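Student: Shown below is the structure under consideration.
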Amino acid sequence: MRTEYCGQLRLSHVGQQVTLCGWVNRRRDLGSLIFIDMRDREGIVQVFFDPDRADALKLASELRNEFCIQVTGTVRARDAKNVNADMATGEIEVLASSLTIINRADSLPLDANHVNTEEARLKYRYLDLRRPEMAQRLKTRAKITSLVRRFMDDHGFLDIETPMLTKATPEGARDYLVPSRVHKGKFYALPQSPQLFKQLLMMSGFDRYYQIVKCFRDEDLRADRQPEFTQIDVETSFMTAPQVREVMEALVRHLWLEVKGVDLGDFPVMTFAEAERRYGSDKPDLRNPMELVDVADLLKSVEFAVFAGPANDPKGRVAALRVPGGAQLSRKQIDDYGNFVKIYGAKGLAYIKVNERAKGLDGINSPVAKFLTADIVDAILERTGAQDGDMIFFGADNKKVVADALGALRLKLGKDLSLTDEDKWAPLWVIDFPMFEDDGEGGLTAMHHPFTAPRDMTASELKTAPEEAVANAYDMVINGYEVGGGSVRIHNGEMQQTVFGILGINEQEQREKFGFLLDALKYGTPPHAGLAFGLDRLTMLLTGTDNIRDVIAFPKTTAAACLMTEAPSFANQAALTELGIQVVKKAENN
């Protein structure tokens with residue numbers, strides 16, 4: 001039906017007769033001439049109808065936005081004064097000789113000239129996806145997956161599919177369950193990741209595996225989370241953690257070079273402890289120049305319990321955050337930031353305004369100045385590198401609250417005061433995570449998942465001191481987003497059972513949930529390691545949006561619903577009966 005795409009016409013096509021198919025993006029009726037911007041997935045081209053082709057001109061008078069049409073015409077160069085430098089096709093236009101209206105469009109529920117609500121965009125997603133910026137994002141996503149497949153093929157990885165209907169295993173979030181009609185009362189689980197299957201593939205001898213795969217997690221959603229999402233899933237045998245990182249870093253550098261024309265360079269490597277200490281986050285945004293600086297040793301003797309308490313507590317921390325140019329902040333802004341850190345458990349926000357650095361105590365303005373000596377102020381200013389016009393904010397509490405509160409404040413100030421370099425790419429690897437963390441109920445939970453191997457520990461050493469264990473794990477972070485994470489896996493049955501025991505999984509439960517894995521570990525399991533990237537998150541970064549729904553064709557809302565199809569929906573009673581399911585309604589509160 002077409003010979004060319006609208007958006008691909010150039011001066012090289014001048015004089016050629018072309019047939020185009022697409023939609024009316026805009027129409028301008030000048031009486032004797034009608035101009036339309038005609039759009040397809042590749043872009044927009046100007047088409048015009050003149051009186052010499054009366055039939056086509058007459059039919060063109062009926063055109064409205066989003067009519068689906070076919071046009072045949074001749075490509076012409078525009079006069080110099082009419083060249084549109086803002087359009088890829090702005091040097092040419094098409095003189096139409098014939099027009100076919102394939103399908104008309106009713107009045108549109110989306111307004112092309114105004115910002116539509118996200119609710120409307122999701123309900124009429126098929127119209128929203130016609131917008132050039134949305135089409136471009138999905139084209140970029142397709143390019144990314146194509147680049148990934150070629151790269152992985154070139155590096156000897158095999159694309160192997162793993163099951164969608166599988167067994168529920170604890171991986172940190174709730175499973176989506178699928179009832180079995182054949183096995184009444186039993187349920188499959190949709191995979192949160194192909195974790196165990198890809199490990200089993202390593203045990204099967206396929207030493208380099210990858211898959212671009214759908215995963216499902218029934219969890220509370222955020223702007224960068226979806227109940228169903230896509231992973232670039234990777235596993236290798238006989239490779240160390242640094243070797244895995246080297247290959248995966250090369251993949252991501254390849255993507256940025258091909259999609260953005262940017263060489264990311266070598267990725268720095270930072271330990272979890274250093275990231276938390278300097279940035280208050282295990283996914284630091286290195287575009288932001290501000291860092292947390294420990295000052296507890298300077299404040300142990302002050303007569304100000306807010307500082308002295310945490311400064312003398314082994315589990316406490318006092319840290320300072322220097323904000324370049326922050327002395328300009330108003331009292332209201334400071335109060336607003338004080339309320340902001342309370343969201344993260346902080347009780348408030350002490351500060352020092354640095355007016356004249358050289359004057360020390362006399363050159364600052366601070367509500368806590370009366371508790372500080374000149375020597376202490378000089379030491380704080382020296383350690384933080386403060387300059388005239390800077391602000392220093394303090395966090396004083398337990399270590400987690402200080403990291404969370406000042407880490408979040410650092411990001412907010414970086415954005416609010418334009419301190420974060422939005423034109424920069426800042427990738428890094430974060431390694432050496434704690435293997436376990438407190439579950440809040442006196443037990444331990446795996447920081448990543450229960451199949452991650454510890455670094456340099458035997459099973460007996462791990463059992464004796466699990467809280468000291470460091471995971472042989474690694475996360476890739478770009479501009480403050482965790483885009484991928486992985487680890488070296490446990491390949492020894494004793495170690496795996498030890499980890500299960502630390503997590504409170506007894507032997508009977510181990511057999512019920514992981515018997516197949518424990519059996520497989522008995523038969524010459526190779527050392528293996530892997531990683532998974534979030535394709536949606538990578539695409540989000542590469543297309544410059546901050547909403548993951550913008551890079552998924554048909555996403556869910558933050559309530560895990562599809563507004564277009566109205567999923568989820570109620571099942572009919574006959575289907576439920578056949579599955580042996582009875583729906584129990586919650587009693588209404590009186």
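Backbone N, Cα and C define each Cβ position, glycine as well.
Residues or ranges marked as L-aspartate binding site in Swiss-Prot (evidence: sequence analysis): GLU171, ARG217, HIS448, ARG489. Annotation source Swiss-Prot lists ATP binding site at ARG217, ASP218, GLU219, GLN226, GLU482, GLY534, LEU535, ASP536, ARG537, citing sequence analysis. The region 'Aspartate' feature in Swiss-Prot is assigned to 195-198.
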Student: For LEU535 (ATP binding site), which of the binding-site residues ARG217, HIS448, ARG489 has the nearest Cα in space?
Tutor: ARG217
Student: Tell me the coarse DSSP state (helix, strand, coil) of ARG537 (ATP binding site).
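Tutor: The residue in question, ARG537 (ATP binding site), is helix (DSSP, three-state).
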Student: By DSSP, what is the split of the region 'Aspartate' (195-198) into helix, strand and coil residues?
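Tutor: Taking each residue of the region 'Aspartate' (195-198) in turn, the totals are 4 helix, 0 strand, 0 coil.
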Student: With ATP as the bound species and ARG217, ASP218, GLU219, GLN226, GLU482, GLY534, LEU535, ASP536, ARG537 as its recorded binding residues, calculate the greatest Cα-Cα distance and give it in Å as a whole number.
Tutor: 20
Student: What is the total of other Cβ atoms whose distance to the Cβ of ARG489 (L-aspartate binding site) is within 10 Å?
Tutor: 23
Student: If one measures from the C-alpha of HIS448 (L-aspartate binding site) to the C-alpha of ARG537 (ATP binding site), what distance in angstrom results, rounded to a whole number?
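Tutor: The Cα atom of HIS448 (L-aspartate binding site) is 19 Å away from the Cα atom of ARG537 (ATP binding site).
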Student: Including all protein chains displayed, how many Cβ atoms other than that of HIS448 (L-aspartate binding site) lie within 10 Å of its Cβ?
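Tutor: For HIS448 (L-aspartate binding site), the 10 Å Cβ neighbour count is 19.
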Student: Please give the average pLDDT for the region 'Aspartate' (195-198) in this predicted model.
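Tutor: Mean pLDDT for the region 'Aspartate' (195-198): 97.
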Student: Please report the number of other Cβ atoms within 10 Å of the Cβ of ARG217 (L-aspartate binding site).
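Tutor: That number is 21.
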Student: To the nearest whole angstrom, what is the C-alpha distance linking GLU219 (ATP binding site) and ARG489 (L-aspartate binding site)?
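Tutor: On Cα coordinates alone, these residues lie 25 Å apart.
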Student: Note down the number of other Cβ atoms within 10 Å of the Cβ of LEU535 (ATP binding site), including every protein chain shown.
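Tutor: Taking every protein chain into account, the count is 24.
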Student: Would you please pick out, from the binding-site residues GLU219, GLU482, the one with the fewest other Cβ atoms within 10 Å of its Cβ?
Tutor: GLU219
Student: Which secondary structure state does DSSP assign to GLU482 (ATP binding site), in the simple three-class scheme?
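Tutor: Strand, per DSSP.
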Student: To the nearest whole angstrom, state the Cα distance for the pair GLU482 (ATP binding site) and ARG489 (L-aspartate binding site).
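Tutor: About 20 Å separate the Cα atoms of these two residues.
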Student: Look up GLU219 (ATP binding site) in the DSSP assignment and reduce it to helix, strand or coil.
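Tutor: The residue in question, GLU219 (ATP binding site), is coil (DSSP, three-state).
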Student: For ARG489 (L-aspartate binding site) and ARG537 (ATP binding site), what Cα-Cα distance in Å is obtained after rounding to a whole number?
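Tutor: If we compare the Cα positions of ARG489 (L-aspartate binding site) and ARG537 (ATP binding site), the gap is 24 Å.
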